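In what follows, a structure is listed as C-alpha cells, so that the remarks can point back to it.
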Amino acid sequence: MLDKIWYRSKPNLLSRVLQPISLVFIDIANKRKIKQQLKQYKSKIPIIVVGNISVGGTGKTPVVRMLAQQYLAQGKKPAIISRGYGAKADNYPFEVTSGTLATQCGDEPAMLFDALQAQVPIVIAPERVQAVKYIEKNFPDTDIIISDDGLQHYKLARDKEIVVVDAIRMFGNKLCLPAGPLREPIERLKEVDQIIVIGNCSDKDKELLKNYKNVTYAKVVATEFVNILTAKKVAKTEFNHQNVIAIAGIGNPTKFFKTLEESAINITAKKVFKDHHKFTQSDFEGIDSDITVVMTYKDAIKCKNFAKANWWYLDIALDINV
C-alpha cells in the first residue's frame, strides 16, 4: 500500500494527511543527527559511505562490491563494514569468515564475502564505530573502509559520501517518512560527494538531477549464470529463450525480473518473497523440478544447503556512465 502512495510524481491525499507526522519525523531525525555529530568518531583510515536517502533497495551493495574490486585492482587493501541487517551473531563486532552463515552476518555481508573471494575483510556491527575500531586493530594496514549503507549513521565521520538512487523509483513523491519514502529531505543530496543513479533514467528526472553535483549514471548488466550447487559458470546467453522460474527475496524484485527479461529469458513464473527472507526447502515445494530456477546472488547464498542441480543465480555488474 505504501508503495502506491509513495511512488507517485505528486503527493496524493493520504500523503498530505501524513505530512504533519513527516515534519515531526524530520525534526527528530535532525536532532538525532546533531547529537551524533557532536560525538562523532573519526578514523585515521579514510571511510567511504555508500547509502541512500530513501527506503528500499536501490543497489548499494553492487556499488560496494564494485568499489572494493576497483581498489583491489589498484593494489590497495579495502575493508567493508555493515550493520548486518537481520544478523544473529553471538557477539559484535563480528568478522565474516569462510564458515559464516548468512543468518549470522546478514545477507549482504555473506554475499560480498563470497563475491570478493575472501580478499576483503568484512566486519559487521549495529554500531558501525565498533566495526571500524575492529578493523583498525586487526587490519591496521587497511587503506580504505567502505560502509555498506549507513548514510544516516552520523556517529561515524566519513571522508566521502555516495548516494545510490534507483532510476525507476527515484525519490517518489519527494516527501519524508511516513508520507513518502525519504529518510532525509531531498536537499541532503546537495551535501553528498557523488550520486549514482542505477537504471534507465527519464529525461524529466535527468533535469531534476542537474541541480546536484557529480551525478553518475549506471546500469545493472547480467554477466553470467552460476550454478548454486556446483559453482559452475556459464555465459549469460546460455538460457536465452529458455523457460525459467524466477525467485526474488530482495527490496526491489522488479529490477531483477527486468534484468532477466532483457537477457531474453522466458519467465514462466515469478515467486516474490520479502526482503531478507530466510529461505528453507519448503519455500520451493510445488515447483516443477524439470524447470530451471534462477534467483539473485543474495538469495542463492541462503539456498546452498538444499539447492538442486538446475538452480542458478544471475551474477551482475555495474556498467558506469551508460
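Glycine is treated like the rest: Cβ placed from N, Cα and C.
Owing to the predicted nature of the structure, the values given are computational and were not obtained by experimental measurement.
The ATP binding site annotation in Swiss-Prot covers SER54, VAL55, GLY56, GLY57, THR58, GLY59, LYS60, THR61, and the record cites sequence analysis as its basis. Residue density at SER54 (ATP binding site): 25 other Cβ atoms are found within 10 A of its Cβ, drawing on all protein chains shown.
Around GLY59 (ATP binding site), the same-chain residues at least 6 positions away in sequence with a Cβ under 8 Å from its Cβ are VAL164, ASP166, ILE196, ILE198, VAL220, LYS255, LEU318. VAL55 (ATP binding site) falls within neither a helix nor a strand when secondary structure is assigned with DSSP, and so counts as coil. In the structure as shown, the Cβ atom of GLY57 (ATP binding site) sits within 10 Å of 20 other Cβ atoms. Sorting the binding-site residues VAL55, THR58, LYS60 by the number of other Cβ atoms within 10 Å puts THR58 first. Sequence-ordered, the extra residues of this chain that approach the ATP site, with Cβ no more than 8 Å from the Cβ center of SER54, VAL55, GLY56, GLY57, THR58, GLY59, LYS60, THR61, are ASN52, VAL164, ASP166, GLY251, ASN252.
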